[in-house]
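A.B. asks: Copied straight from TrEMBL:
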TRANSMEM  33-58  transmembrane segment
DOMAIN    33-453  domain 'Major facilitator superfamily (MFS) profile'
TRANSMEM  78-98  transmembrane segment
TRANSMEM  110-129  transmembrane segment
TRANSMEM  135-154  transmembrane segment
TRANSMEM  166-186  transmembrane segment
TRANSMEM  198-220  transmembrane segment
TRANSMEM  266-286  transmembrane segment
TRANSMEM  306-326  transmembrane segment
TRANSMEM  333-354  transmembrane segment
TRANSMEM  360-379  transmembrane segment
TRANSMEM  391-414  transmembrane segment
TRANSMEM  426-447  transmembrane segment
Amino acid sequence: MSRALSSLGSFDEAGDASAALERAYRKVDRRLLAWYLVVLSIVRLEAHNIVNAAIMNIEAGIDIKHQLGDLTDVQCAAVLSAFHYPFIVCEPLSTLLLKQFTPRLWMGRIMISWGIIATCTGAVQNFGGLFACRFLLGLAEAGFLPGIVFHLSFHYPTDRLPLRVAILVALITFASALSGILSYAISFMNGICGLAGWRWLFLIEGGPAVLCGISTLVWLPNYPEDASMFTEAERAAILANRQKSQPSSKEQTWNWARVKALLKDWTLYTFSVLWICQVIGAYGVAMALPTVIHDLGLTSSASSQLLTIPPSIIGGCLLLAIAGAIQKKKLKPWLAAGALDACVLVCYIALVFVKGPITRYVLILLALVFAMGVLPILWPERMRATDGTTNAGLAIGITFAVSSLHGILAPHVYLTRFAPTYRTSFIISAALVAGAIVAIAVTKVLVERKYRRRAEVESEKD
């Protein structure tokens, strides 16, 4: 009888702990994830607007290219790239500084400085001013996206991340679509107070980022250990559920042993190759979309902006569906990523040979839809391959840093001199996507070997 009562008591305690854990994660979803969804949507709106500004009111001859001195293709590519230059150096450092200064202070600083610089972009008068604003905007934003992922990793174990990361990335794609809709609406403000539509675009959308930054200084929770939103039972439950390799606020920000271990880890390099091939090869095709839409016979800039929306909406929905299946253990992330890239590769091979603008638009749309889900569904695997706070912060920052090569190199792969067929661009992109598929296979083998070794070490300690 006493043994039965003891077992019943243990069952009740386990049930209470499980309920407390679920309550804790719901609170993290409401306070942390939901807040990042809000601020991320605002920040990404502005980041996408440089592309929308390029075609806004172009038929009236008062678009950004003409007003800033008839910018050349090379200058336009340089402006697009300038935003991404600071990321290469600053992403890893800024990600770790989030731990040093606390997420609340660091993320608030990023958004406030970012919003101020974004607003200033509406006042530039020449190529030099636009280039400087884009560079400073990138400098201010460095660490924002990796900081979000890093901050989430303090609260969620990797098995709870697939759907949450997918929601964040899907929101970025929806923000891209919304940016096209807002640009369409703001284009009708052209001429108000003597300002061109593209200037209104930047002036209007910088202010909300500053307000969100100020709110972040008050609202954003830092870590599970000190978040006031948890009861003691919830705090104990979420800390007990922490994985041994998960970042912790109790660890030091910089640990040389962790740094050396990261640099010796082959997965750092295979993940980097995978990310580079993917962001340039699979995502760069979006830069051909405005020209392809123009070839459809739609000369209105407003109509062109609306036709850039479908890939973002469809791709975001597909990503959420795949991530949901992965989190429910119905689909393997590596298999899903490889299959999506195989579909992208087929689209590129077809694009090399097709000539009709409608077929070309459909194939580019499909390529973007398939490509959109690859990296988001692999992010939890990237984080699972890290070990400790310093290792995780640097690995996340470095991976995002190499991703910035998309903004630096992709504009040069899709230069307008390759238009209207972009045959050369599609061949280059197809080769890169093929490289990404190989990198997926190699990285899968390496990380699974690493997981087995980690499990063996932990079992020996136990």
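Note: Cβ is positioned from N, Cα and C throughout, glycine not excepted.
A TrEMBL annotation is a machine prediction, not a hand-curated record.
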A.B. asks: Quick one: do the transmembrane segment (360-379) and the transmembrane segment (110-129) have at least 3 Cβ pairs under 8 Å, skipping pairs fewer than 6 apart in sequence?
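C.D. replies: Judged by the Cβ rule, the two regions do not touch, with the required three close pairs absent.
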A.B. asks: Do at least three CB pairs under 8 A connect the transmembrane segment (110-129) and the transmembrane segment (198-220), leaving out pairs fewer than 6 apart in sequence?
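C.D. replies: Between the transmembrane segment (110-129) and the transmembrane segment (198-220), which are separate recorded stretches, there is contact, as judged by 3 or more close Cβ pairs.
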A.B. asks: Among 110-129, 333-354, 391-414, which stretch has the most Cβ pairs under 8 Å to the transmembrane segment (78-98)?
C.D. replies: 391-414
A.B. asks: Looking at the stretches 135-154, 266-286, 306-326, which one shares the most CB pairs under 8 Å with the transmembrane segment (391-414)?
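C.D. replies: Between the stretches 135-154, 266-286, 306-326, 266-286 has the largest tally.
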A.B. asks: Counting Cβ pairs closer than 8 Å, which of 110-129, 135-154, 166-186, 266-286, 333-354 has the most of them with the transmembrane segment (306-326)?
C.D. replies: 166-186
